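S.K.: I'd like to ask some things about the structure below.
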């Protein structure tokens, strides 16, 4: 039989079964960079639409991790998908370069070197160098993921032109009357020694003291109530703020019970408090909260007066119904203070320690000076003496600094804010608040998943004013001058534009380097002594939030359209970049700077737990790339429901590798079996068999399904449809049935050539669908197939377009074989019987079989092809009690060439093979 092997069409391909991705991919990616492939993609002549994905900037600090890979790969898949659809694509990657993490890195380095650097310009220079270094590192790491974009000219928030653009966005906010300097409580990170915006705060569980404290009513107040003894009971988990208490808030119209022992609490909570042992159970008197307003109690910590007020924020679900109020340490307290003209006491310094204000205002004794507020709590509780009614420890959700992971405090300081509820003039002349404009804008944005809409909406509805100022050095300054004569900022256009021009020319380091006089325009320089610089820097969320202006609008469409078609980030950006971009877009243009928001989950381990070095469950991106290659990592991203958290472990990547091998091996089989095609046959029409029509119809059906899923960015759904087709219809049915013709028919046999055209069409569709995900692999496929390139009129992966299979194959319609489902049912029953006979040792394979079927409507040729048997007969009689088919050994000899049992003489070829051999 060996002598016939060379007469078979056992075609091969140079496309390897093993991808050896970690070795070959870097070469491909380097070639793409050298060939400036992204520019070529943008300049493709037949682009028929525009698509802009605006990149949310990663932070230029540290190496990439798997979360970065997830984000950038998803963006790359979305962008490439639009490109292969025929759109002109715009994608400019960018980096967030300013901010605290880089400052901390430099400070730690200086501490190790035992040097200090007071000069802000030199300090900023070190920060800039650090950002440059990691920007290049991350850029190269992104390229190793097969990500394409305008990496030749990425955006960097520290570029001079960019800093000027950020500043001009800030100027627009100021000109519209939405920028105000205020003294009010804000989140304060004592670890960073800086104010924080809401987006920079994360909540964690924290153990805190929970205390109930009695504030005795003053003599005049007791007389008004006509009682001899009464103490309002407050509950707090921040004993350190008691020094700054100036009021107690009650719930309007609520009834308050005075117990026999003289404790005053909300009646609705009395029974609960009595059970805890905070107060006694017998009620002596009841009062309406409205009758208690403006009475005074005494702070047991320092004997200062505490005014009784009514507050809308007071609830009756827990606590005592009497809320400790310190306007210097709480936002609700602050706003209540504005209503009642309360004093704002705040004697805590930048490091979170009590300052000299506690002595000047007689708030605490001198021993507390310089002590950290959290450390001081134990002594404060002891100092309360008999006024402390109950002390417990509770675990509750508490705000933490997201950079240092240390708890934050509320601290009243003078900061700059963007006002959420100040009306400003819209483009149409009407007036709305920023909150109203943002909420209207959200309604016009598409969210994937749709739940993101309500999430962002709720955050905008409830968010406070945006605290913009930071007490740091590495950032864009709030470059305004305060006129010392009026104590107001100078918002004159001439001054502001002059500063913006300086930033564009020299960078914003000039704000630290130059004097006030040198920073002012010539017409203002005579009055330079009347002005002083604001030395705060901007919240970095303002930097990144204004990137749509700097990248899309300032370049007038060269780098994409604004609003962008899509932004795509992790779900945590609802409180970060999505919000900051939305708010700045609504100030500048009265609309969202994006049309669609896509969000993805986080990377977790196989148990669903967050990855951390301390847990030892971090999966290294670098190790994954070395072991599996970037195309496998990309396939893992696409084969997951990215809208939820993605579980990762070596097990999951091994599964993904199996998926990859299935696609690769299928493509290898297809390439090998049309490799001997004459290119002249590509354009002519062919006579396709019923089986060909079956697979072509299936290909058309799944193409609709995959396109629909991909259009909705549901890549896992699309890939599952594609994988099911490859596994079931293609490999499981069609390819097996075609092998005899492919291997054993003559090279120019019409049936074989028709099959090859089907294989070409199938390979084309697989390449088109997989190209956005497995770009390197599809590039490799095309490199190894002149026939496929000719069929697609493509020299490489970037020439790929979707094809119409029916047009390419000159078919008006796909004619699925009649009774095909019946044949498949017969095949299933046959395979069961075949397995039984194999186990019993009766036969070795299906070719030894002949089959007689009782269904006359079934095509004999189709049954023979699908069941891969050597003979099919139709039963003369159709009796209901007989089985659907009868199986018996083929009545002829085995052909030594094709192995079918169709030879009339032993060890001689069958008729078909004889004819093929004659042609040779």
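Any Cβ shown, glycine's included, is placed from N, Cα and C.
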S.K.: Please identify the range among 36-46, 47-57, 58-68 that Swiss-Prot labels motif ''HIGH' region'.
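M.R.: Of the candidate stretches, Swiss-Prot labels 58-68 as motif ''HIGH' region'.
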S.K.: Motif ''KMSKS' region' per Swiss-Prot: which of the ranges 610-614, 615-619, 620-624, 625-629 is that?
M.R.: 610-614
S.K.: If the Zn(2+) site is taken as the center of the Cβ atoms of 895, 898, 910, 913, which further residues of that chain fall within 8 Å of it by their Cβ?
M.R.: 744, 896, 897, 899, 900, 902, 903, 909, 911, 912, 914
S.K.: Cα-Cα separation of residue 910 (Zn(2+) binding site) and residue 569 (L-isoleucyl-5'-AMP binding site), in Å?
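M.R.: Cα-Cα, rounded: 63 Å.
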S.K.: 10 Å Cβ neighbour count around residue 613 (ATP binding site)?
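M.R.: Cβ-Cβ neighbours of residue 613 (ATP binding site) within 10 Å number 7.
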S.K.: Near residue 895 (Zn(2+) binding site), how many other Cβ atoms are within 10 Å of its Cβ?
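M.R.: Residue 895 (Zn(2+) binding site) is surrounded by 24 other Cβ atoms within 10 Å.
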S.K.: DSSP three-state call for residue 913 (Zn(2+) binding site): helix, strand or coil?
M.R.: helix
S.K.: DSSP on residue 895 (Zn(2+) binding site), three-state: which is it?
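M.R.: The three-state answer is coil.
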S.K.: Output, ordered by sequence, the same-chain residues six or more apart from residue 913 (Zn(2+) binding site) with a CB under 8 Å from its CB, or 'none'.
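M.R.: Listed in sequence order: 4, 744, 895, 897, 898.
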S.K.: If you draw a 10 Å sphere around the Cβ of residue 898 (Zn(2+) binding site), how many other Cβ atoms fall inside it, taking every protein chain shown into account?
M.R.: 23
S.K.: Cα distance, residue 569 (L-isoleucyl-5'-AMP binding site) to residue 613 (ATP binding site), nearest Å?
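M.R.: If we compare the Cα positions of residue 613 (ATP binding site) and residue 569 (L-isoleucyl-5'-AMP binding site), the gap is 24 Å.
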